[in-house]
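Per TrEMBL, the features are:
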| type | residues | note |
| --- | --- | --- |
| TRANSMEM | B:6-24 | transmembrane segment |
| TRANSMEM | B:67-88 | transmembrane segment |
| TRANSMEM | B:108-129 | transmembrane segment |
| TRANSMEM | B:150-169 | transmembrane segment |
| TRANSMEM | B:218-236 | transmembrane segment |
| DOMAIN | B:306-337 | domain '4Fe-4S ferredoxin-type' |
| DOMAIN | B:371-401 | domain '4Fe-4S ferredoxin-type' |
Amino acid sequence: MAEAIKVPTMAEYMAQGKSPEVLFWVGCAGSFDDRAKKITKAFVKLLAKAGVDFAVLGTEESCTGDPAKRAGNEFLFQMQAVTNIEVLNAYDVKKIVTACPHCFNTIANEYPGLGGNYEVLHHTQFLKTLIKEERLTVEGGKFKGKRITFHDPCYLARANRIYEAPRELLEKLEVELVEMKRCKTKGFCCGAGGAQMFKEPEPGTKDVNIARTEEALETKSEVIAAACPFCNTMMTDGVKNKEKEDAVAVMDIAEMIASAEDL
Amino acid sequence: MQYLPNILFVIALAAGVGFFVFNIKKLIRNIKLGRDEDRTDNKAQRFKNMAKIALGQYKMVVRPVSGIIHVLVYLGFIIINLEVLEIIIDGIFGTHRIFSFLGGFYDFLIAVFEIFALLVLVGVIIFWIRRNILHIKRFLNREMKGWPKLDANLILYFEVVLMLLFLTMNAADLTLQTKGAEHYASAEGIVGAFPVSQFIAPFFENLSIPTLIVIERAAWWIHILGILVFLNYLYYSKHLHILLAFPNTYFARLKPQGQFDNLEAVTNEVKLMMDPEADPYAMPEEGAEDEVPAKFGASEATDLSWAQLLNAYTCTECGRCTSECPANQTGKKLSPRRIMMATRDRIEDIGKNIDANKGTFKEDGKQLLDDYISREELWACTTCNACVEACPVGINPLSIIMDMRQYLVMEQSAAPTDLNNAMTNIENNAAPWPFNQMDRANWISEN
């Protein structure tokens, strides 16, 4: 991929005295987690295909502080936030797109109070706009007519009332969307939020991701569509736990579109 | 002697209302023990929310069965209370159905009251069946054992008895009017329309006028005294929601659910750290030495804001939050409803302590953290906001969980080990995992 698509950094842009249309905030999962990196690459392919003039912060990017804040470490959160805001403001960033709902929520809602004001979009919203502006065309392709369910990330659907954009993208893929019993603002968490991703769960009768995966499997879908790298990990683990990984795939919507377009 | 009933009524009314006001003052004092927080912005939106959520019961009907029955009982409560106004005036002046001069409209009103009384009766019986016979999970959680269960049933019994008394009173009154009893009969014929109690009236037909008067008076008195008792029961019960739902929805958070407040005390510290001009050895400002350093987060109910304490008093323990909580639904100890109940219990205990010690709080060796809410509960939360979304009266259990986590992490460094590792990583290499920050862009060149 690397040879085909150039991913410029903000530093490179600045050296040329230019600024990109949008900053792609990759996030920690998208940068380091092997599964999430595939989402990052798929999204980059789509950005390139649509001819979007974008850049990343590269090694200048740093955790938004979301897990620290939800764990209760407000101090660490604000240190991260203030550092990131300094970098973003130094590059005079106006518009940010990210494939992580946690980064999205933090930058959009919690950074303004600390001096970071940007237009922040989740990648599903951005892709929707690209299609609407006819910069990107999406046709059903290999997902056409397939039974697919969508797992709403809490920090997108409930926390920020964004649940139509991902569904509109699935519509473009001409899938047969089957909703789970609990969806949109009433969606059931995957179990990763609130920094749970980074700790063992408290004692209980079941893991949250297993409960949610069971609900997703009830829809008899071939693909569980996700829009968050952490949900993706949790649902993938759940599917493996149920030994359904051969029959059911967990895919980010960006990956689905990239794969439908044979990118 | 002829005015004895009027005098007794006025005394009962004054005592009932007086004790209620006394307790409401205590309630307001307890809520004000919380820390200050500004919830006065955007008044138009706040009024709209109150109208929609509290008055309009918009979030109740998300669950249609309990929601619609609740709307009936709620409407019945409000509408039948109009009749209480007439009862009070009749009680004070010894009149009989003072509003009957309204004629046809009065008949209509009484008919509506009766129909709602019947609907409330049916609704309350269904509620009782749901709570006691059907195994509805959210009524069976561990926090619902003992007093909370009894409290819920007592409220239902109160309402059944009040409605039955109301209908009995009307049936006896109708019979007395029909029989032309003095004080009851009117020159204009029968006043009021009795679509429900007319079916009870036949049972009274063979009774003498004095017996009927005893029945009518007894029902009338027990009904109004019951209302006064019920009014005063509110403060000791989860039923307080019938009043507090209004201020609570008005003062509820307006920001997106995902936006957690940034702690100002921390912002000041961070700014100082980032400021190259800051002098760490600077003399404290005049008078600043005596200030108690700010405490991060909450370990005690009084560390919470007044809005959070109002939340706790408003909670009617319906358990919609708990039934949608992913932690609770997968068998974890956390129940958002219990967070609210424990917070209310603690602030009540603090209030009682203050009352018992002449206005000052005497250390009781307890606090909200550990004695009322365990760490295990706090760490089980995924911050998914399902509880906040589910609450029909705008309560936010998550904000209390977050404040208490802040205390655990920032005051006690008592996070679970795995989380400490993740936070150390963020601090050292800017990601929750132990990867080098310089490798952050490696994905670009990987295939």
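If you go along the chain as it appears here, the first residue is 1 and each next one adds 1.
Cβ atoms here come from the backbone N, Cα and C positions, even for glycine.
Each residue in the domain '4Fe-4S ferredoxin-type' (B:306-337) gets a DSSP state, and the totals come to 20 helix, 0 strand, 12 coil.
Mean model confidence for the domain '4Fe-4S ferredoxin-type' (B:371-401) is a pLDDT of 98. Among residues of the same chain six or more beyond the transmembrane segment (B:150-169), those with a C-beta under 8 A of the stretch's C-beta atoms are 73, 80, 83, 113-114, 117-118, 120-121, 124-125, 127-128, 131-132, 139, 144, 196-197, 200, 215-216, 219-220, 222-223, 226-227, 230, 233, 237-239, 317.
Here the transmembrane segment (B:6-24) does not lie next to the transmembrane segment (B:108-129) in space: the count of CB pairs under 8 Å, restricted to residues six or more apart, is fewer than 3. Residue counts for the domain '4Fe-4S ferredoxin-type' (B:371-401) by DSSP state, with H, G and I taken as helix and E and B as strand, are 16 helix, 1 strand, 14 coil.
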